[in-house]
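One structure is given below, encoded as structure tokens.
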Amino acid sequence: MSPLPTGRAVRRWTRRRTNLRSRAGLGEVLSDVYIAAMIVAMYTAMVLSVTASLGAGLAEAPAVGGGFVLAPGWLAVLAGVAVLAGVVALAARIGPVALAPPEARWWLTLPTDRCTLLRPVAVRWPALATVPGGAVAAGVVLVLEPGTRAGETVAAVVLGAALAAAGVVIAGLSQASLRWHRRVRIGADVAVAAVPVLGIVLAAAAPAAPALPTTVLPAAVVAVLLASLLAVVLDRGLGRLHGTSLRERGAVAGEALGAVLSLDTRALGRALTEATQRAARPRSSDLRWLGRVPRRWAPHVALVAADAMLLARSRRHLVQLLAAGCLPALALTVPQPVPVVTVVLLVVGAYVAALATADGARRAHVAPVLDALLPLGQRQVRRLRLVAPTAVLVVWSLGVFAVVGWRSGEVGGWLALGALTAPVWAAAAVRAAYRPLPDFSGPLVHTPMGAIPPGMGTVFRKGPDVVALGTLPLVIAVVLGTVTPVLLGVQAALTAVSLVIVARPESPAPRAGSTRSRRAGDGPAGSQPASSSASASSS
């Protein structure tokens, strides 16, 4: 009787068979590796260059005094913590130990040793995590102490890489228990969301500027030993991982990879959020108050109430609103706020908050079930989808712009500007939710990053283009440090233009071979063009 094959033999046999059927030659593989290495090196050099110049500028900044002020060096530390926690959260969602559906269907049924079968899969994510971990550690060192010696910088890079790898390995160890794996994933998400809040707490405490500790080298050694010990424990426990966990993580990774290759950010968000959430018992509300609404307005109120209830029941989006509100406040807590940094954090925070309020529109674009049931046209639905996000963002903007006005000494003008800008964020989020999918049916444009369909920029600019148009007065006000009546008037006009643009559905682009198309806004709200219907059914 022949002995059973080992996991290594199974992987070798699979790799040989795959290579026999592969059409890619050695030159294509080396070209892909070269391009990937160049991309990583380019972005790493950009990050290090920016952090080095920022550290040189902070070295000449005045010392932090008392009051609600945050030393600029803490921003680099907080950014590093956010990156490390984000790496762990991403790894916990799509692994870190996972098998693709074909591999799970065949390999997991074989009577072979799972430790040798899963070892290369278990090494993949911890090895990848060392790249962002080391890069962010080098950036933090260059910000805190630009003149640090090369030995200390290398030790800090090793420390960051080891911490990132250890965090990913811990996520892999938790896969032995579905409950603990979910807790690790939630803990990493909470750590990312808590970083802006922690920055506000530090600003209230007003601690001294952080400095690079003298024990970087011993800490790096301890981190490497800890990561190695955890890796050994994970390697010995690979046989105890549930096949269900390997299949689920592999399915999520495959869905996320498909979304990345198809350049669909909405599908990527669904893969990393909804596919990893625990199934919750459905809750319903009788909505008795809706019966007192006049019948003519009942469909309108029902759609707005659905969006509001969806946001109220989503804890993740509520936390996203809170964390996004803390981002602009962080830019204003430094001793000398930089207008460019303030504008970037304000725009990014507002757009992230707006995306949290437009989940109803995103779901309706994929499966317009509610829109089709209600006697409403597409234009009416698009306008009603703006109501709940606008109301929430008005409250959000009043809180954020109150902090801006407190720092500038002119609260009233900034509150008015924030209230006028809130509909722009809502319009951008709704416009992004309804943007069409990329059309891969035509000839593709070949680039070093891969083949992309023509008109990709047109697809991805839907949403950010409204932000670029509708926030010009806001950017000017932040740069000038004051709000004038002229800026308020221009902002009101641009807000109205943004709402008009988003409230009017766009006509679907005619496909090749089509002889007629229906005007946007005609027919029921649930009707979609062929491309959107196909994407909804596939999702």
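Glycine is no exception: its Cβ is also placed from the backbone N, Cα and C atoms.
Automated prediction, rather than curation, is the source of TrEMBL annotations.
What TrEMBL annotates here:
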type	residues	note
TRANSMEM	33-54	transmembrane segment
TRANSMEM	74-100	transmembrane segment
TRANSMEM	121-142	transmembrane segment
TRANSMEM	154-174	transmembrane segment
TRANSMEM	186-209	transmembrane segment
TRANSMEM	215-234	transmembrane segment
TRANSMEM	318-334	transmembrane segment
TRANSMEM	340-358	transmembrane segment
TRANSMEM	386-406	transmembrane segment
TRANSMEM	412-434	transmembrane segment
TRANSMEM	466-488	transmembrane segment
REGION	507-539	region 'Disordered'
COMPBIAS	530-539	compositional bias 'Low complexity'
Name the range, of those listed as 33-54, 74-100, 121-142, that has the largest tally of Cβ pairs under 8 Å with the transmembrane segment (154-174).
121-142
Here the stretch out of 33-54, 121-142, 318-334, 340-358, 386-406 with the most C-beta pairs under 8 Å to the transmembrane segment (412-434) is 386-406
Winner by Cβ pairs under 8 Å against the transmembrane segment (466-488), considering only 121-142, 215-234, 318-334, 340-358
340-358
Could you pull out which residues elsewhere in the chain have a CB under 8 Å from any CB of the transmembrane segment (318-334), counting only those six or more residues past its ends?
68-72, 75, 78, 190, 192-197, 199-200, 203, 311-312, 341-342, 344-346, 348-350, 352-353, 355-357, 392, 396, 399-400, 403-404, 407
For the transmembrane segment (74-100), sequence-distant contacts whose Cβ falls under 8 Å of one of its Cβ atoms, 6 or more beyond its ends:
51, 54, 107-108, 118, 121-122, 124-126, 129, 132-133, 136-137, 139-140, 143-144, 160, 163-164, 167-172, 174-175, 181, 184-185, 188-189, 191-192, 195-196, 198-199, 202, 207, 209-210, 234, 238, 241, 245-247, 249-250, 252-254, 256, 272, 276, 330, 334
